[in-house]
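Below you'll find the structure, written out as structure tokens, and then a few comments.
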Amino acid sequence: MSGPSSVSVKPTPLLKDELDIVIPTIRNLDFLEMWRPFFEQYHLIIVQDGDPTKTIHVPEGFDYELYNRNDINRILGPKASCISFKDSACRCFGYMVSKKKYIYTIDDDCFVAKDPSGKDINALEQHIKNLLSPSTPFFFNTLYDPYREGADFVRGYPFSLREGVPTAVSHGLWLNIPDYDAPTQLVKPRERNSRYVDAVLTIPKGTLFPMCGMNLGFDRELIGPAMYFGLMGDGQPIGRYDDMWAGWCIKVICDHMGWGVKTGLPYIWHSKASNPFVNLKKEYKGIYWQEEIIPFFQQIVMPKECTTVQACYIELSKQVQEKLGKIDPYFTKLAEAMVTWIEAWDELNPKAEVAAAKA
């Protein structure tokens, strides 16, 4: 056996007792072998979708708990109706049962990417760096992340805003298969993303964004109760909008609470494209509806009385019912599920300190 090399040296795990990795899946998790150097010392929460009688193989050496639909029904009882079935939206159950401060969630078709120098990217480490450093949502810094080594606030940046605010969400990107909607997939079936942009940006206050759930980190204690991936998949008229819905909700709540959302690094390697025709069937109502959903979220103003994420989310559910319910009965059902989600969250997290708005 050869002597020690940089390849065999395991990175020092950051926050290993304060972070859970949540993975939704319907298949054996062989992809974890590639992530072993980065994930092995963390606790995994695996949410098995589909047939609960199927046995999912998890490689040896990982510390994990696995929940299938029977477990979800047993733990939540009637409130299990708020957790999607036959859709990766089921991952948010993992957020609910976690007891850690931070969550990293990844899809099982996401592999370790390499940076331009050929080095493996430790995506989890970069997410942690993003979450542990402040955000700057109130004033844009043209050198991107000012807290990063080799960067700073540029001339003209107000000194009163240089302290930044807590970061609630770290949204990572993907090399190879881009996260496109079905129409774009159909028009550009061979398109691959090979552009590695070495940057992290804070998304400005008042700006929405399309959040992808396949490479995502967040501060569960800050924003966890709002990270609900909606009603998707089996029995629902829409799919593939679970992470989008959560992203719109968390962004308006983070804006209200004075927290930041970052996007950019880290990259993962997205290994396979989903079927665009299947995707189109799932997405087509959402493609129409989003033209009304986006303006709805853009005009939302949270009352000052909403000083917790739970209060914000319940207020949001009321506005969804009142305004989006006119588009389709689905939104009335979704608004009710949003309330059920908060009730279930509070039942499973009774002692969780409720994050208060910045004074």
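Positions of Cβ are set from backbone N, Cα and C atoms, glycine also.
Annotation for R155 (N-linked glycosylation site): no same-chain Cβ neighbours under 8 Å separated by at least 6 residues are found. According to TrEMBL, the feature N-linked glycosylation site maps to R155.
Taken from TrEMBL, the feature site 'Required for activity' covers R155 (among others).
Under the heading site 'Required for activity', TrEMBL lists R162 (among others).
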Cβ neighbours of R162 (site 'Required for activity') where a neighbour is any other Cβ within 10 Å:
15
